[in-house]
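Below: the structure, in structure tokens.
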Amino acid sequence: MRRLAAPVLVLAFIGVAIADIKIGGLLEAGEDIVEMAFNSAVERINTHGLAEPGERYTPTSDRLLTRVEHIERSDSFQASRKVCTLLEEGVAAVFGPQSTDASFAVRSACETLDVPHIETHWDYRSRTTNHSLNLYPHPSALGKAYLDFIKYKDWKNFAILYEENDALVRLQEILKDATLMKENRVTVRQFEPGTEYRKTLKDIGKTGIKNIVLDVPIKSLYTVLKHAQQVDMMSEYHNYFITSLDAHTIDTEDFQYGGTNISAFRLIDFSSKEIDEVARDWIQRRHRFSSKKSSSVQSFNTGDQDFYKNLTTKVALMYDAVRLFATALKDLHPDTGPKITVQPLSCEREHKWSQGNAFVKYMRMINIKGLTGNIRFNKDGHRTDMRLTVLDMAHSGWREAGEWTMLGGINITTNYTRELEEARLSLLNKTLVVTTILQPPYVMYKEKWRELGLTGNDKYEGYCIDLLDSIASSEHFINNMKYVIREVADHSYGGRDADGRWNGMIGELLNGKADLAVADLTITYVREEAVDFTMPFMTLGISILYKKTAKPPPGLFSFLDPLSLEVWIYMMTAFLGVSLFLFVLARFSPYEWVNPHPCEGNPEELDNQFTIWNTLWFTIGCLMQQGCDVTPRALSTRVAAGMWWFFTLIMVSSYTANLAAFLTVERLVSPIESVEDLAKQTTIQYGCLRSGSTQSFFKDSQFPTYAKMWHVMQSQRPTVFAESNQKGIDRVLRGKYAYLMESTSIEYNIERNCDLTQIGSLLDNKGYGIATPPGSPYRTMLSQAILRLQENGDLHVLKERWWKKQRITKKCPKDIINKGTSAMTVASVGGVFIVLLVGSCVAVISAIIEFIWRAKKIVPEERDPLCVELCRELKFTLTCGSKKPLARPRSDENLAIAATDNGMPFMPITGFGLHNKNTFS
Ligand code: ASP
């Protein structure tokens, strides 16, 4: 309200109110509809006031009268003469004309006499003057909308094609944008004058650019699009953005079904309440209007649809301009505010209209809703704050896809379901071209296809062919997807050549030669930047394919192989250690000393069977699982012997089992075990497929081993890169060559060729996917179908079929490489040694217990203290000889103990009691 105060105050001092206000229109030839809009707006205001549909009718105080002058198109001389005629008739404002030059002439006349000049066309020269107002969006605002749209689309590259020089001004926001220009994404071409658009379009097509910003006058737009269609520039992979705000008026019938992505902005707000009433009004007027004019008059055809199609921005803006003027006028009603007076003015004289400037200022401050949305001006008098509707071409014609506003920028409301439906429908009449490469088991010729006379798709079979078939018949496509299979011309998967151009299947997708690439095509980052991939249908990694090394002839000492050298050494040590231990233990234990002649009641000496030789014989007998007639009697020796038996049991069983494996299994001895081994040596050459993802993997790798391998591969002459996997395999079979190949293909080949084997694990992890040109509408459907096949287990069944069942002539014996048949190390049998050690400790403890037990049973008077007896026994133990003199017990009690303990009528121990002392001293 504050903003309005100043001009209203100015106008408050103005003289007498008048009933009729004349407004002048300067219309160029062929603008009958603009004229109709001009007149209809005035008539509607005079009869219905300014009330919006549904609002109460509020009549305006002043009646508007129109005064129209016609001029030739862009005739500025005529325009400047005719504006003077209008001014002499006392018009309160001049509307039009549309062409920039003529309008410029009118503007200067109006400026001189301070008469409001209301324009409705794009004009980059438009500057703020006190007396003029342009309802057309300001070039800077429109430029920003274009830029926002391009940025939203995020095209990798695009071409700007224009016809008139003005276009460069219109698109300057894009051309000024540092990021777009820096990345060299924009190609700018002007159509050569003379409407031969085909040549320029063809040239752009050859560069592979699929995204086009089209700036041509609306009258040429249809022809340009038609020419684009003729030179194959209107496929579903092409995107067009039309800068004209009238794109909705062209006949779209020819472009709706091709699936080309065509977008444009529209200023007219078809959702405004007023538009339907205006439509009805204009359709009624059509009859009156066309009966007055000749048959050549451009008019609306029957039906609402045609009204909307023919409603151009300039027509709507003219209507809005009149309403804006009328709103300002209404605000200046005698009852509600100041009044205006108009008077005839002459171009010859300097006499100005005193209220002109204030009137225009007032118009700039008010805000109305019109056919072109909200009409408001910024402080400079420019219309920058407007709403543009984003239009997309669909099967049914133009479709509203979102909007652009100065504050909110681009806001696209994507309806995926609708998009999918559109894509599905577009497939109904289309046969997709599928590019592929011959690679078993993915794509192969059927056996005897020539003899059977098979052609086209019928001659192929394989995993990918079955996959394609399952996808095509899935419920994601209406009436099955139709396709024709073509082999890629250069027999490559797709890599970038020296000048950055893609070859192989990727190249064919980008050149528009194919719609899909279905093969064992790896999804990689660089490829994903150029084309689109579906969900992966198989996962894999790079590995090494190598020739199996022949089994070495068995050696004389192969029987030693099951155990590693260190285990053999440990075993020998254990054998000697246990023998010695048992020898000492048996001498120490009192229960191992026995009467050598059981028939003799009172032996002089006791005997011990565990002499050093007997002990060695005993342990070796156990180790060899033979046993011997030396058997331990005491608990301690039995514990020690038991542990040794346990040890020998485990060791012998392990040895036997491993020996069996060594003798029966085909053992592979490969000079390389991993990719690191391969990188380290120089005798075996290695390479991979040319122009594939495996090559790119090594080429782009920063990992030192792989980078080094790439360096080596590159420097090899003759080349180590194979033209096809089959050639790589043949070279492997010739020997001294390792082929870096994808694991799934390795798996397939080693299943069929028993001379081949995989070395080491996977170097990376990736997947195969179906590739489509960028922005393909079919990608989502294909991904959905792949997911469904995966969930159903169909992909697994296909894999089993093509890897394990089809085309297998003989089964290769399973290679159990090293893992099961390697010599046993301490790591696998160390536990047994520990058990043996623990057992020995238990045996020592039992020997001591035995000794104490036995000693305790002797009458204390007849023996020395326990530790003295113990030391004496130990000393004896360490001396040689297997005989021990027997000391007689002095009491009958001890004799009885001896009889119960040993079952003998004498005591088989020495060293207890005083006698012993005498014996050994
Ligand atoms: N499948 C690979 C590709 O897509 C071929 C390869 O490099 O082994 O390039």
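Including glycine, each Cβ sits where the backbone N, Cα and C put it.
Of the residues proposed, Glu475, Glu742, Glu747, the one TrEMBL records at the same L-glutamate site as Thr522, Arg527, Ser693, Thr694 is Glu742. Here TrEMBL annotates a disulfide bond for Cys812; of Cys754, Cys867, Cys871, the partner residue is Cys754. When secondary structure is read from DSSP and collapsed to three states, Cys754 (disulfide bond) falls in the coil class. Annotated pair Cys754 (disulfide bond) and Glu742 (L-glutamate binding site), C-alpha to C-alpha distance, rounded: 18 Å.
The number of other CB atoms found within 10 A of the CB of Cys812 (disulfide bond), across every protein chain shown, is 15.
Mean pLDDT for the domain 'Ionotropic glutamate receptor L-glutamate and glycine-binding' (441-511) in the predicted structure: 91. Taking DSSP states H, G and I as helix and E and B as strand, the domain 'Ionotropic glutamate receptor L-glutamate and glycine-binding' (441-511) has 21 helix, 13 strand, 37 coil. If you draw a 10 Å sphere around the CB of Glu742 (L-glutamate binding site), it holds 26 other CB atoms from the protein chains shown. In this structure, Ser693 are the recorded positions from Arg496, Ser693, Lys699, Cys754, Cys812 whose C-beta falls under 6 Å of some atom of ligand 1. Note: the Cα of Lys699 (site 'Interaction with the cone snail toxin Con-ikot-ikot') and the Cα of Ser693 (L-glutamate binding site) are spaced 10 Å from each other. Reduced to three states, the DSSP call for Cys812 (disulfide bond) is coil. Around the Cβ of Thr522 (L-glutamate binding site), a 10 Å sphere holds 25 further Cβ atoms from the protein chains shown. Taking the Cβ of Arg496 (site 'Interaction with the cone snail toxin Con-ikot-ikot') as reference, residues of its chain lying under 8 Å away and at least six apart in sequence are, in sequence order, Trp502, Asn503, Val526.
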